[in-house]
Amino acid sequence: MALSAEDRALVRALWKKLGSNVGVYATEALERTFLAFPATKTYFSHLDLSPGSAQVRAHGQKVADALSLAVERLDDLPRALSALSHLHACQLRVDPANFPAPGPLPAGDPRPALPRRLQPGAAGVAGQVPEPRDLCAGFRVP
């Protein structure tokens, strides 16, 4: 899904506001994922998953760095995220079906308009994670 110039500008403006806190927010999102979806912990059994652990913060920073790369290269997300997609699909054997993209906000959602306007950007990034069978010969979900 191609993003409009307005969508790209909106995503970049938000990212600029997040500034140096992107790693903190990504870590918090990771911790919330572990709480809301405990099954995701199986992919991180080698880490200390206690809130605020150095290992969770380090992985949160990796997520933040990947998202920052995506924001820098919004015009070419497939190429920007291809190495990351290959790593997760072929080496780590992560099934993208376990990590669905966030759905749209309901029409009457009382939250501010900004998150709704950013949905195309989030969907654009999530949509760049190809099916493992498209990347890796013989892929099977463990």
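The count begins at 1 with the first shown residue.
Note: Cβ is positioned from N, Cα and C throughout, glycine not excepted.
Quick look at what Swiss-Prot annotates:
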- 2-142: domain 'Globin' (DOMAIN)
- His59, His88: heme b binding site (BINDING)
All-chain count of other Cβ atoms within 10 Å of His88 (heme b binding site): 20
The domain 'Globin' (2-142) [mean pLDDT, rounded to integer]: 76
Chain-internal residues, separated by at least six, CB under 8 A from His59 (heme b binding site): Thr27, Leu30, Phe44, Leu47
